[in-house]
Amino acid sequence: MFGLLVNFYRFCRKKTERKITIALLGLDNAGKTTLLNSIQGEVDRDTTPTFGFNSTTLNEGKYKIEVFDLGGGKNIRGVWKKYLAEVHAIVYVVDAADPGRFEESKMTMAEVLENQFMRDKPICIFANKQDLPTAAPAAEVVKGLGLATCRNSHNVFPCTAKMPAGQDVDHRLRDGLKWLVGTVDREFGRLDPRVQTEAEEVRQEEARKKKEREERLRKQREERLRQQKEEEERAREVEKENELHDGKAPSLLAAGGGVVGAAAAGVNGVMVDEQQELRPPGQHQEAPEALGLHNGLALGLPHTIESPGKFPPPPRRPLEAHPASDLRLVAPDQGVSSASGGPGLGAMPSGSHGGGGVPPQPASLPHVRAALPPLPPSAPQPSDAGVGSSGSASRHPGAHSSSAAAPPNVASGAAAEDGPEPDAAGTAAGEAGSGSVFAPRPASAGGGGPGSRGSGSGMTPDARELGSGGVESGEGTPARLRAGAQQASDGGHGNSKGSFSLVHTSNKVVPVAPDLRAGIPGAPNDA
């Protein structure tokens, strides 16, 4: 029977017991944790500043009170709003001995009351540290915090959280707690469902944000892993490429076809193998092979190759010839000594123009004439026949206007420089018949056999070198020509631009002005 009564009492007490949640707020150094310890009866317990959140459970009558002790620092006040949806009431602690912070405390409490979850919830205000001489009374605290305009149920209780040693806990602490619990009890039927609903909404919102945050972190982690994998694959490809091509011939040479395949053979006939190493000379490869590969690659690549010159190259100087110029200035007339100091050449017989006469060979350079190859015949041009005869003008005494009577050492259509100036008729005729000295002209345009001299036209460098006939057959003049030619600048119409001499030096035919002939080795001076 006694056991049944005990169980019935416990059942009734459990049914009437209610749970409420209270948030303990206030600025830093206001005494929040000390006040909570005093309510619990732990007066002598040392406290430290609260950084974050502490939870404590109290029993008051039929209520089980859960207290959230939140830190009051500036960096911690931002987290207060996360707990306001779960509380039924608030305990706000003010340092009454520090009136200078009333304004800061007022702004902080106003931000809390403006939160949507604090609507119509009671507030218990403790004006702490009343034992200090600078402590403000409750009326000044109400004025300093601006509680006159507060719409929430509120009440101010001056108190001293930390009593001197040997004294009991300040009863005003218990009075303020009883007032708050009684106010919540009167509104419990309205507050509790609202607190449960708002707390659930906040938990769901927090869960949703947490899930989004985790999803965002997961995507970022996957993106980092993907980028890391791509970088590793790219690094492996580069490493593989380096292993395949580092020190090896390029893959384009392995094809072996087209221009590149043909050019890969090299210049000296050295074939480049596909696996042949390309290294500088002295490092596992000889210099000629590397040079051949370089030239082969250069030929295989697209290049713009200029077309060769239109004029045939000048004859190469024979090895046994004199190292000076092959074209030397000589006296063009009879009885005049040659440039080398030998006897005079004399006049060319008239029969030589017809191909039957053999001119006398000079005794100065017989080995040069014997070493030169015969001049190949060239095709005649229509503009050469019978034109240069009337245009030839000689400055030598006794010179004729006909090309057949011209000195053998002077090309037709050119004026020699040793005689007087030609007259107007000779100059006009020369302008009509003279051509470019570099244009190829036939040697037989004036008629005659292989040894005849062409008239009225310029001559190729080979013709000026060899004279008018073949050397081996003994035909033509053996004299070295003194080409005092007038170069045509308008397509061969004979506009005189000045005199120059053709000097063959270092395998090249170079036009030299008369005043510069003294500086050329082997070229005599007119003076």
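In case you wondered, yes, glycine gets a Cβ from its N, Cα and C as well.
Listed features, source Swiss-Prot:
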BINDING   26-33, 69-73, 128-131  GTP binding site
REGION    200-252  region 'Disordered'
COMPBIAS  200-248  compositional bias 'Basic and acidic residues'
REGION    300-503  region 'Disordered'
COMPBIAS  381-444  compositional bias 'Low complexity'
COMPBIAS  445-457  compositional bias 'Gly residues'
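Structure coloured by features recorded in Swiss-Prot.
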residue: GLY26; record: GTP binding site; Cβ within 10 Å: 24
residue: ASN29; record: GTP binding site; Cβ within 10 Å: 13
residue: LYS32; record: GTP binding site; Cβ within 10 Å: 27
residue: LEU70; record: GTP binding site; Cβ within 10 Å: 21
residue: GLY73; record: GTP binding site; Cβ within 10 Å: 14
residue: GLN130; record: GTP binding site; Cβ within 10 Å: 19
DSSP residue counts for the compositional bias 'Basic and acidic residues' (200-248), split into helix, strand and coil: 46 helix, 1 strand, 2 coil
Structural state of GLY26 (GTP binding site), classified by DSSP into three states: strand
Where GLN130 (GTP binding site) sits in the secondary structure, as DSSP reduces it to three classes: coil
